[in-house]
Amino acid sequence: MRINWHEYFMAQAMLLSLRSTCERLSVGATIVKDNRIIAGGYNGSVSGEVHCIDEGCYVEDGHCIRTIHAEINGLLQCSKFGVSTEGASVYVTHFPCINCTKSLIQAGIKNIYYRADYKNHPYAIELLDKNNVHYELIELDSGTINSYFESVQ
């Protein structure tokens with residue numbers, strides 16, 4: 001049994017989500033170019049700051065302002081280490097929020113693959129369509145991933 005590329009990269013995003021320090025929603029993102037992982041991210045606090053799992057969420061207007069979203073963390077890793085995201089794809093556990101969508105477009109991401117719908121904003125979808133960014137729901141349940149791991153000897 002061989003895992004396909006979509007399953008492989010989405011599984012990486014799922015694994016990254018396990019590093020999340022947000023109690024409200026664990027999100028992971030894997031940025032891929034030419035079938036190679038160039039960065040990954042998960043939602044959590046700024047380096048060196050307290051985490052929501054330790055001190056609770058810092059919520060204003062219904063949003064935790066303490067965390068950086070997974071997609072942004074991945075993009076910032078690329079920026080920090082001088083890795084181009086032009087033409088890359090992102091695998092993310094949840095449909096990106098409007099701000100992450102805008103950032104992904106500006107960073108040159110051409111494909112967004114997500115595992116779950118999450119407050120899919122109509123304007124985000126409009127922006128993706130206008131900018132010719134392909135977006136696709138990848139159905140991958142944890143049972144499928146578990147079966148792959150169980151097949152490893």
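Glycine too: its Cβ is placed from the backbone N, Cα and C atoms.
In TrEMBL, annotation is done automatically, which means it is predicted and not curated.
Features as listed in TrEMBL:
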- GLU71: active site, proton donor (ACT_SITE)
- HIS69, CYS97, CYS100: Zn(2+) binding site (BINDING)
- 4-131: domain 'CMP/dCMP-type deaminase' (DOMAIN)
Least buried by Cβ count (within 10 Å) of the binding-site residues CYS97, CYS100: CYS97
Model confidence over the domain 'CMP/dCMP-type deaminase' (4-131), averaged pLDDT: 95
Helix-strand-coil residue split for the domain 'CMP/dCMP-type deaminase' (4-131), DSSP-based: 46 helix, 33 strand, 49 coil
Cβ within 8 Å of the mean position of the Cβ atoms of HIS69, CYS97, CYS100: remaining residues of the chain near Zn(2+): ALA70, GLU71, ILE72, PRO96, ILE98, ASN99, THR101, SER103
